[in-house]
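Data first, discussion second: the structure below is written as structure tokens.
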Amino acid sequence: MDLNSASSVVLQVLTQATSQDTAVLKPAEEQLKQWETQPGFYSVLLNIFTNHTLDINVRWLAVLYFKHGIDRYWRRVAPHALSEEEKSTLRAGLITNFNEPINQIATQIAVLIAKVARLDCPRQWPELIPTLVESVKVQDDLRQHRALLTFYHVTKTLASKRLAADRKLFYDLASGIYNFACSLWNHHTDTFLQHVSSGNEAAVLSSLERTLLSLKVLRKLTVNGFVEPHKNMEVMGFLHGIFERLKQFLECSRSIGTDNVCRDRLEKTIILFTKVLLDFLDQHPISFTPLIQRSLEFSVSYVFTEVGEGVTFERFIVQCMNLIKMIVKNYAYKPSKNFEDSSPETLEAHKIKMAFFTYPTLTEICRRLVSHYFLLTEEELTMWEEDPEGFTVEETGGDSWKYSLRPCTEVLFIDIFHEYNQTLTPVLLEMMQTLEGPTNVEDMNALLIKDAVYNAVGLAAFELFDSVDFDQWFKTQLLPELQVSHNRYKPLRRRVIWLIGQWISVKFKSDLRPMLYEAICNLLQDQDLVVRIETATTLKLTVDDFEFRTDQFLPYLETMFTLLFQLLQQVTECDTKMHVLHVLSCVIERVNVQIRPYVGCLVQYLPLLWKQSEEHNMLRCAILTTLIHLVQGLGADSKNLYPFLLPVIQLSTDVSQPPHVYLLEDGLELWLVTLENSPCVTPELLRIFQNMSPLLELSSENLRTCFKIINGYIFLSSTEFLQTYAAGLCQSFYELLPEITTEGQVQVLKVVENALKVNPVLGPQMFQRILPCVFRGVIEGERYPVVMSIYLAVMGRVLLQNTSFFSSLLNEMGHEFNQEMDQLLGNVIEMWVDRMDNITQPERKKLSALALLSLLPSDNSVIQDKFCGIINISVEALHDVMTEDPETRTYKDCMLMSQHEEPKVTEDEEPPTEQDKRKKMLALKDPVHTVSLQQFIYEKLKAQQEILGEQGFQSLMETVDTEIVTQLQEFLQGF
């Protein structure tokens, strides 16, 4: 691409590509896409975006195309890679002038220089760093800033490289420029502090921006640039200097008010100082040891004493608390139980910590956390009134403690209390004792203090296990507080019910549950929505608890379910509806079939909620979870839900529909439990199986559930299902088998085994295409025992229950292996006998014995040759399935099932599903459970004897080991 002639053409097309008119925009984008691989295109783009007279939008687009080009074509091995000559020209052009006037474009240029540096620096671009170092020294403000901006992005990018060779290069770079970076930062910081006192706002902002950028560079060099940073005097000097600088900047915040244009940048710089300390502590805990004392003194004084008044702000307090927390919790500072096993560095750090956290310091921190930071703020109380649902779902999970004040204070309290519980337990107990009895509803401050102390007692529940008689406290103090219905008392009603939820799994007597359920029923009718939502949460914790007893809960079930349902209707926010649905699901799951009389209202409401939640996939996930538990609770009655249930399953498991990304896992689970609880198949239930084929193609972690669903259909309606879907299913399995893991192969073949078990006539025909590979696996001696076991189970089913099909399969395989049928059968029996040890389940061992015995009686010489092996297998199976009656000394087959056997269901066990009943009916027709192995062997041997005569039979029996014969005779006593 000739630069001079091409520039105007490219400029014109870029201008068209900034158009709002798609008729102009689309062809321009297409043309630019074609030019991406043209030599010289990126040189033209460089000329365009460095020409400050051109339109800003056009230059912006040129930078973006250049940046994408680096990602796609800069590497030498990339298809259509840029030539080394062009890259060399581009590198030189990028760092010729640092004079971009537009901030956004300057940032993009800095980022793309960093991208090139990641690939080429220092080997192909040794001049980059020296050029940047010189450029940040110039007097021109704009050039200096742009060079510093680029310096930061390059440092950040090089610091992020993780390969050992790249790390080594970055260490070399850091040690080479660290002194310069420190002096640069000090210079800009001093300049800023001078400007602050002069009152020149523009100069203050400009110097502060440079201070921030130079500090960002230092952060990356300090944290990522040294293997043992504590051995470098400059690094440790910089880190120690941070505390003094922080004090200076915090003092500046007194003079720079909240409405000042510099305020935001100032706070960012203060936070960046703390990030340097936090990152350094995270990456180099041992190197941080000399900084522990100073960090703790600094953080504690600003957060827990009057030193911080008037200068601290929320994000800074959070960072200081995180610094304290990371020092308290750091494993590198915790000695082993046996002190001698700990490193000197660990012992030194531990000593510094112990010297700092004295009794007075810990007591003051604990008291300040509870009486100051735990108090509900004016802002929170206003939110409670104006947006109760927003108040209840305030972010408290995951990493919120790193950024938000309330979760941060609570996590710090938990960690300090855990670490120093012997010191702090008496302090908290004393706080509790001062708050005994009811609190005056007119004294809002006293109510908030009590709320804060109760919060601490809840958070420290595990630590206070031995120190608080919670059952007594519940009866004498907490229960009466829940009964105070005054509106101003609602913070305490909410806090007390929350507190009980925290203690439920720690220490709460089972006998007190009914009293708690009574209280929950009352609070679910509280006038305040926040109290009702908190009560629902505690109900979930109570029902979820290990010691939950259904019999205690049942008297309150109807009331609670009705009130929870009302709450579900009352709340409007998606998150709150999800939360209440989870509580309902939990209740349904625990009481199971007992829920049936009370679910009518919920069943009617869920379709409406599903419709309303079209845009809220996470809420739909919660609805799916609720439906799963509902179907399990309703059992066969869940058929009445099909008009709503089946379209929901259809949508959730349709991979062509966008929502499946969120809904698939729960949708498959719902599909499975629907099948398990279905009393009979319906055309609609059969129809949604059309979704299965694409799901099998996905080969995702959901395959196991998919196989369970297929089995569910086979048990539910084998003939109809197999006639409709077996051909497609067989094709999917055929394609899937070579691609999947051993475990996956077993799952596929279990489906085939079930089809053969349920429908011995139709099954083999339907899966005809898969059976040769099973046969092949047996003949060739499949090496994985679990796979061989399932191969033999499938073969056993065909041989035992569909002999004619087995003969045709044997014939087909004879042609493939170029062997006579008898010879091939002999090889199969030999391998079967040899690999019988691969079968671990007694049912399958018995199946193998029955299958091979079914070849008898026979005058076929091959089968007679293998007679010894068949008897060996049969006796092995007898050992596994026969139990001896100690009184009569006779044996009976423990696999046999009778029509009248009803399994006893204990109170803790779930009642059998419809699928369990179908499996029981199937077992009653299965030879494994209906044919006595003892009798079968006896009859087969008798028939063989009749064919061969006494002498011939005796000769045959002599081929069997005498010990085996003795065992066989013992088992056959009485026949």
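Using the three backbone atoms N, Cα and C, a Cβ is placed for every residue, glycine included.
Per Swiss-Prot, domain 'Importin N-terminal' is recorded for 28-100. What Swiss-Prot lists as N-acetylmethionine is MET1. Annotation comment: Swiss-Prot describes SER343 as phosphoserine. Residues or ranges marked as repeat 'HEAT 2' in Swiss-Prot: 283-317. Annotation source Swiss-Prot lists repeat 'HEAT 3' at 318-356. For 422-459, the entry in Swiss-Prot reads repeat 'HEAT 4'. Among the features that Swiss-Prot reports, repeat 'HEAT 5' is placed at 473-509. The repeat 'HEAT 7' annotation in Swiss-Prot covers 555-593. The repeat 'HEAT 8' annotation in Swiss-Prot covers 600-636. Per Swiss-Prot, repeat 'HEAT 9' is recorded for 640-677. Marked as repeat 'HEAT 10' by Swiss-Prot: 683-720. What Swiss-Prot lists as repeat 'HEAT 11' is 731-773. Among the features that Swiss-Prot reports, repeat 'HEAT 12' is placed at 819-849. Look at Swiss-Prot and you will find 850-887 tagged as repeat 'HEAT 13'. Residues or ranges marked as repeat 'HEAT 14' by Swiss-Prot: 957-974.
Highlighted: of the candidate stretches 283-317, 422-459, 555-593, 683-720, 957-974, 422-459 has the greatest count of Cβ pairs under 8 Å to the repeat 'HEAT 5' (473-509). Per-residue pLDDT, averaged along the repeat 'HEAT 4' (422-459), amounts to 94 for this model. DSSP assigns SER343 (phosphoserine) to coil in the three-state reduction, placing it in neither a helix nor a strand. DSSP labels the residues of the repeat 'HEAT 7' (555-593) in these numbers: 36 helix, 0 strand, 3 coil.
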